[in-house]
Amino acid sequence: TFTPPLVAFLIAGAPANGSITDGAELAVMRCTGLAAVFINLSVENFAGWKFALTFSIIQKSYFAGFVVYVLINLALVFSSVYIITQFAPAAAGSGIPEIKGYLNGVDIHGILLFRTLIGKIFGSIGSVGGGLALGKEGPLVHTGACIASLLGQGGSTKYHLSSRWLQVFKSDRDRRDLVTCGCAAGVAAAFRAPVGGVLFALEEVTSWWRSQLMWRVFFTSAIVAVVVRTAMGWCKSGKCGHFGSGGFIIWDVSDGQEDYSFEELLPMAVIGVIGGLLGALFNQLTLYITYWRRNYLHKNGNRVKIIEACLISVITSVISFGLPLLRKCSQCPDMDPDSGIECPRPPGMYGNYVNFFCSKDKEYNDLATIFFNTQDDAIRNLFSAKTVHEFSAQTLLTFLVMFYTLAVVTFGTAVPAGQFVPGIMIGSTYGRLVGMFVVNFYKKLNIEEGTYALLGAASFLGGSMRMTVSLCVIMVEITNNLKLLPLIMLVLLISKAVGDAFNEGLYEEQARLRGIPLLESRPKYQMRNMTAKEACGNQKVVSLPRVAKVADIVSILRSNKHNGFPVIDHTRNGETLVIGLMLRSHLLVLLQSKVDFQHSPLPCDPTGVSRSIRHNFSEFVKPASSKGISIEDVHLTSDDLEMYIDLAPFLNPSPYIVPEDMSLTKVYNLFRQLGLRHIFVVPRASRVIGLVTRKDLLIEDGEDSGSVELQSTSVRGRHHDRRMYTRNADVERPLLNGLLAPDRATG
């Protein structure tokens with residue numbers, strides 16, 4: 001029923017009981033943290049067991065080890081692609097473009113379903129554990145968003161996993177805020193970077209930001225980091241296998257280069273330029289390949305998707321195992337006994353200085369050290385300090401070309417795929433190449449190749465994803481080296497500027513390819529010379545009368561896909577009056593329920609009190625992760641089609657309205673900043689009934705609004721004609737006013 005507290009809750013856009021919101025956020029934190037721990041634990045253990053088994057077998061036979069390695073990877077990748085194609089198609093890819101579109105105001109079917117969450121978790125374990133050139137960090141953002149959405153709507157009704165405790169989140173704004181918290185929690189759990197998670201949500205995914213949301217997201221990320229760290233502390237005793245062995249800081253380089261000189265800024269700037277060029281090229285190549293996949297290859301069915309992923313898995317396994325076999329082993333350098341690094345590693349061990357197909361005792365295979373290794377260990381090797389000349393230029397160049405190609409080809413397959421870790425691996429490779437040149441050129445003892453590898457990783461991510469602030473903080477948090485902050489900022493600024501000269505960021509390009517109508521932060525330059533009327537074009541507006549015939553409503557809903565319709569009425573002198581906006585979803589609810597059908601074409605009695613108890617409020621709440629009702633789901637008899645519906649109690653009486661000659665740039669900013677789906681364009685108003693100033697909005701708490709004196713700067717028409725408002729008094733207080741007031745984008 002439509003009780004006053006519930007309407008007040010929806011108008012305010014927040015629960016009346018703040019503890020409910022805090023409880024939902026705590027649930028999001030715990031669930032996201034546990035999901036991240038489970039994914040990390042599974043991936044690192046699958047990868048660790050795979051390499052441990054392979055290394056133990058190759059001590060006897062390299063061919064047998066190769067076969068086992070290929071089959072394990074193939075089995076893991078097959079499990080991932082099978083789950084995605086047969087169970088959760090929306091879980092493919094990173095999910096960040098779709099979540100960004102959702103928070104931008106566009107609903108995409110399937111991205112927040114419970115089965116998408118399950119597919120994302122187990123699909124990520126298979127694809128990353130199977131050795132593909134992709135990461136788990138992007139899917140973790142999608143995982144956090146799914147958890148937040150499911151908790152926000154009380155669970156999954158399809159799988160009978162629901163709770164009434166969280167079903168108060170009926171406001172679209174509350175749900176999107178909770179999903180924003182989920183995205184930040186995903187980043188915080190993936191990188192163990194809570195501040196980076198907050199800034200990622202602010203910079204990359206959300207479209208409108210409030211100070212109240214800031215502390216919620218910060219609180220969520222902080223608790224997630226505590227949950228992950230607690231789990232890792234529990235795993236230190238070896239209870240979790242390979243998980244947690246690297247510590248809370250994923251790639252700690254705090255013992256690296258202490259200082260840098262002025263002449264090093266030039267090669268660091270070169271790293272930024274290289275990152276911008278390679279990042280822009282990566283975006284363009286993945287755009288072309290993904291377009292070909294979506295429009296040609298993947299249209300042949302799920303079998304083709306499975307075969308494609310398995311084929312890429314075999315190719316990746318052959319390259320990662322076969323190329324190190326072709327590489328000659330290198331002589332171990334003289335190691336510092338206090339460094340804790342052993343060269344070569346004992347047989348069956350992986351990490352730095354891997355002994356792979358080496359004939360002598362004091363030799364190691366530098367290509368196997370980064371290629372035939374887990375992703376985290378490979379990056380840790382590239383970032384490592386005090387390991388000058390561990391890698392040759394030929395090895396780094398070979399790995400760069402092959403892994404870059406594999407990352408481009410793998411991106412877009414039907415498996416959960418993130419690009420953070422592949423981007424770090426690509427960037428750290430050419431960064432270390434530049435570092436080798438700097439060490440040989442300047443002949444200084446304090447220059448570390450690992451420092452340049454870190455800068456290279458930041459430059460490629462900046463050149464591809466075009467993030468700056470959040471990426472800078474994430475890189476500092478995952479490496480634990482605040483001294484490199486100015487250098488990371490430098491390469492990020494350069495790489496982003498270079499990349500922007502060629503194309504848009506990776507997520508924006510992929511969103512455009514998927515047909516997601518994202519509104520970017522700033523409008524196009526051409527909009528400055530256009531008006532709102534010109535943007536509308538010559539398309540005729542489809543409107544509804546206040547009292548509409550059921551047959552006419554059905555005909556309109558079948559003939560177009562519009563999400564909302566203007567509702568018009570006529571004054572006593574015959575003048576047309578727009579009285580509000582009616583949503584398509586609410587029309588479908590009214591048609592399906594039939595309880596508001598009437599025989600008379602006249603408006604209903606506005607003083608009637610029985611109408612408010614005909615509907616349950618939850619009927620009109622738009623599902624967050626399903627299509628909802630369609631016109632095909634509504635079954636009406638011939639007698640029903642001859643009935644009428646008075647739309648006044650169910651419409652939004654105060655939609656956003658702009659004059660026809662308003663600049664399209666202003667209209668764009670309204671859409672972007674308020675998260676709208678509709679704006680009415682009307683002729684220039686003939687008169688002004690008042691002027692609201694800043695002082696009119698400064699009402700003290702506890703002050704009776706009826707006794708507030710109007711400021712002298714306000715222009716009010718105190719004796720305007722009240723007949724029109726009397727005529728439509730019932731329109732001003734519709735039953736769904738609380739639900740419709742924000743008019744958020746719900747497309």
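Cβ from N, Cα, C; glycine included.
In TrEMBL, annotation is done automatically, which means it is predicted and not curated.
Checking the ranges 6-28, 29-51, 420-442 against TrEMBL, the transmembrane segment annotation falls on 420-442.
Among the stretches 178-201, 213-232, 306-326, 420-442, the one making the largest number of Cβ pairs under 8 Å with the transmembrane segment (62-84) is 306-326. When the stretches 213-232, 265-286, 420-442 are ranked by Cβ pairs under 8 Å to the transmembrane segment (178-201), first place goes to 213-232. Helix, strand and coil residue tallies for the domain 'CBS' (651-708), in that order: 17 helix, 10 strand, 31 coil [DSSP]. Long-range Cβ contacts of the transmembrane segment (454-478) within its own chain (Cβ-Cβ under 8 Å, at least 6 residues beyond either end) map to 187, 191-196, 199-200, 202-204, 249-251, 253, 256, 268, 271-272, 274-280, 282-283, 379, 383, 419-420, 423-432, 434, 484-485, 487-489, 491-496, 498-500, 504-508. Segment contact holds for the transmembrane segment (265-286) and the transmembrane segment (420-442), given three or more CB pairs below 8 angstroms at sequence separation of 6 or more. Beyond its flanks by at least six residues, the transmembrane segment (420-442) meets 133-138, 190-191, 261, 263-264, 267, 270-271, 274-275, 278-279, 282, 370, 375, 378-379, 382-383, 388, 391, 393, 396-397, 399-400, 403-404, 407, 448-461, 464-465 of its own chain at Cβ-Cβ distances under 8 Å.
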